[in-house]
Each structure stands twice: as structure tokens, then as C-alpha cells.
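The structure appears right after this line, and notes come after that.
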Amino acid sequence: MLDVDGSAGGGQMVRTALALSMVTETPIRLTNVRGSRPTPGLRPQHLAGVRVSESVSDATVSGVDVGATELTFAPDTVSGGDYQYDIGTAGSVTLLFETLLPLATTLDEPLSLRATGGTDVKWSPPIAYYERVKLPFLARFGLDAETTLHRSGFYPAGGGRATLRLGPSSLSPIECTERGPLERVTVHSKASTSLESASVATRQADAASEALADDGVDHVVTEPAYVPSTSPGSALLLEATYRESLAGFDALGERGTSSEAVAEEAVKSFRTFEDTSAVVDDHLADQLLVFLALAGGRIRIPRVTPHVRTTIDVVEAFGGELVCTDSPDGTVVVEASEPIR
Ligand SMILES: Nc1ncnc2c1ncn2[C@@H]1O[C@H](COP(=O)(O)OP(=O)(O)OP(=O)(O)O)[C@@H](O)[C@H]1O
């Protein structure tokens with residue numbers, strides 16, 4: 001049984017360890033789960049990841065409870081088919097998808113997961129980021145995956161629903177060290193129907209469009225959407241298309257924050273990224289590493305964030321090696337010098 005020490009990180013270490021355990025068919029013992037967080041141990045959204053992984057890989061597990069700081073997970077074979085999971089809170093649906101996404105590389109038949117929870121919640125990829133940035137980027141390297149949004153779910157009630165569908169995939173090496181010129185930015189804005197009278201989605205889109213126009217950035221704005229949801233909320237995504245890459249910059253509305261401030265937050269992240277030569281944004285950077293470790297290749301990321309560091313630690317526990325080389329302009333090239341398997 002492989003020991004994976006989670007003391008340096010949070011939920012992402014749990015998800016990455018589960019995914020690599022299933023892909024490599026390696027039983028694991030996870031210790032010091034979410035050791036660096038103020039409330040260590042499994043939270044409901046991490047428990048969801050373990051439970052779904054248990055179902056799809058017919059795993060034998062022990063120690064799986066909210067608050068558990070140690071658990072064992074011994075997968076059998078991953079089976080395709082249709083699965084469902086209700087996180088029960090506004091816990092992130094996309095982070096639940098994260099646990100299964102790498103399984104596309106090992107599947108013999110399609111797999112789908114219909115999940116209920118938060119689709120646009122803090123500290124996780126909003127569903128539009130998944131649909132417009134992450135999955136299209138990985139599709140370029142052979143990942144067959146798509147998401148369908150059935151209903152948006154915001155904090156605190158959640159109640160959002162989305163389906164992830166995976167097809168058997170064979171990845172080519174992720175070689176991506178130059179992004180090429182910016183071709184355009186696409187602005188996607190949505191808000192709950194209850195916020196339509198305040199024109200929230202429209203104002204977010206207009207403010208983002210104005211700021212991009214001031215910067216002389218070629219951009220298009222998709223029709224602002226008003227969507228049914230249990231709790232009110234709003235989300236904005238700037239999808240930046242470069243000749244060789246995609247990057248995303250998102251922000252969520254919350255009580256006390258103006259629509260214009262939401263736009264400003266997303267535009268500011270885009271401007272910061274534009275000032276670098278990185279190929280992927282800070283979030284895709286850490287989310288891609290598991291695929292880099294499986295497929296091989298090299299990517300240029302903005303910097304080594306704590307999430308990047310701890311994902312590299314998990315990859316190393318599974319026998320892979322990701323080497324970071326600093327570039328003179330401050331970006332970092334991560335190379336899979338030793339892919340897993
Ligand atoms: N705004 C965002 N857009 C895209 N991705 C995001 C965004 N915010 C966070 N992420 C991604 O979500 C993941 C969050 O992982 P993290 O381990 O912090 O979360 P967690 O499972 O909620 O656990 P914990 O509660 O321990 O922090 C990371 O991959 C991060 O890059």
C-alpha cells in the first residue's frame with residue numbers, strides 16, 4: 001500500500017491521490033488529510049470524491065467519514081456507466097469532476113457522472129471555466145470529456161446540477177511552452193433570474209467589455225444569461241483564446257459587491273496574465289499537472305503556487321517526476337521528466 005502524506009495541502013491532494021490510485025490501480029493510505037487547513041480532515045465535498053471513486057472503481061475503503069484524517073483506498077477495475085451523486089451542500093460539482101477526469105485515460109467504455117451541488121462557488125472552477133477553458137484545452141491533447149449544465153447552483157443552497165461525460169481517451173504529450181498571440185477574449189456573464197431586475201449579468205458583461213475596449217483588446221460578448229437557481233448569484237468568465245492556448249479568468253458576484261467590481265476582478269486577473277508569457281493561467285496550471293504526469297510533455301505556467309507544489313508531491317509519491325525550471329521572465333516551465341506508468 002502506497003502512503004501519501006496530505007499534511008502540506010488540502011482537498012486537491014485528496015482528489016489527485018484518488019485519481020492516480022485508480023488510474024494506476026495502486027492501493028493507497030492517505031494520512032494527515034488536509035493537514036494544512038484550519039479544519040483538517042475530510043469535508044463533505046471531499047467525502048463525495050471518495051464515495052464516487054469507490055463506486056466507479058469498486059474500491060475497498062476504510063476510515064471514510066467527515067473529519068477523518070486518515071483513510072485507505074484500494075481500487076479494483078474502473079468501470080464505465082452512469083453514476084449520480086448529490087453532494088448535499090453547495091460543495092463544488094466541478095471539483096468532484098476533477099477526481100474522475102483523469103480516468104478517461106484508462107476507461108474502456110464511456111462514463112458519466114451527474115452531480116448535484118454548487119456549479120459556481122468560491123475557490124473552485126466555475127462550470128463555464130470547465131466548459132470553455134479547461135476541457136477544450138485538454139481536448140487538444142486527446143481528452144474526450146464534456147460537461148452539461150442542467151441548473152446553476154450558487155452558495156449557500158447549491159442545488160445546481162451538471163453532468164460530466166468521459167470517453168476512452170489516449171493522450172498525446174502536453175507540449176505547450178509558447179501561447180502565441182492573443183486572438184480574442186470572449187465574455188460570458190450570467191446571473192440568477194432574481195437579479196434580472198438589477199441587470200446584474202448585463203452590467204457585468206458591459207463593464208468587462210468597456211475595460212477590454214479601453215485596453216484595445218479584441219473581444220466578443222455572448223448574450224448575458226439569466227438562469228433559475230435556488231440561491232441568488234452571478235458569475236463572469238473571460239475566455240482568452242491564444243493561437244496555441246486557452247486561459248480563463250473568472251469572478252463571482254456576492255452580496256455587497258457591485259457587478260462592476262466583479263468585472264474589474266476578472267479583468268484584473270486577465271491583465272496580470274497578459275503581462276506574463278505563461279501558456280496557462282494559475283488555476284489550469286495546477287489542474288493540468290496530473291495529465292502532464294500521465295501523458296508527458298512540458299508546459300509554461302505563471303508561477304509555482306502552493307497547489308502546484310503539493311500536486312507535484314502527490315505525483316512523486318506515485319513514481320512520477322515533474323521538474324520545474326525558472327525562466328528569466330519569471331514564468332516556470334514544468335516538464336514531466338518521468339511520466340507515471
Ligand atoms: N476561480 C477559479 N477558477 C478556476 N479554478 C479555480 C478557481 N479557484 C480555485 N480553483 C481551483 O480549484 C482547486 C481548489 O483546490 P483546493 O484543494 O484548494 O480545494 P478544496 O477541495 O476546496 O480543498 P480545501 O478546502 O482543502 O482548500 C484548485 O485546483 C484551484 O486551481
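Using N, Cα and C of the backbone, Cβ positions are placed for all residues, glycine too.
Feature annotations, reproduced from TrEMBL:
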type	residues	note
DOMAIN	9-320	domain 'RNA 3'-terminal phosphate cyclase'
DOMAIN	177-270	domain 'RNA 3'-terminal phosphate cyclase insert'
BINDING	His283, Leu284, Ala285, Asp286, Gln287	ATP binding site
ACT_SITE	His307	active site, tele-AMP-histidine intermediate
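Location within the structure of each feature annotated in TrEMBL.
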residue: His283; record: ATP binding site; Cβ within 10 Å: 21
residue: Leu284; record: ATP binding site; Cβ within 10 Å: 24
residue: Ala285; record: ATP binding site; Cβ within 10 Å: 25
residue: Asp286; record: ATP binding site; Cβ within 10 Å: 21
residue: Gln287; record: ATP binding site; Cβ within 10 Å: 27
residue: His307; record: active site, tele-AMP-histidine intermediate; Cβ within 10 Å: 19
Return only the integer: C-alpha distance in Å from His307 (active site, tele-AMP-histidine intermediate) to Asp286 (ATP binding site). 6
Among Leu284, Ala285, Gln287, the binding-site residues in the record, which have a C-beta under 6 A from ligand 1? Gln287
Residues close to ATP site centre defined by His283, Leu284, Ala285, Asp286, Gln287, Cβ within 8 Å: Val280, Asp281, Asp282, Leu288, Leu289, Ile301, His307, Val308
Mean predicted confidence [pLDDT] for the domain 'RNA 3'-terminal phosphate cyclase' (9-320): 97
Quick one: DSSP breakdown of the domain 'RNA 3'-terminal phosphate cyclase insert' (177-270) into helix, strand and coil? 30 helix, 34 strand, 30 coil
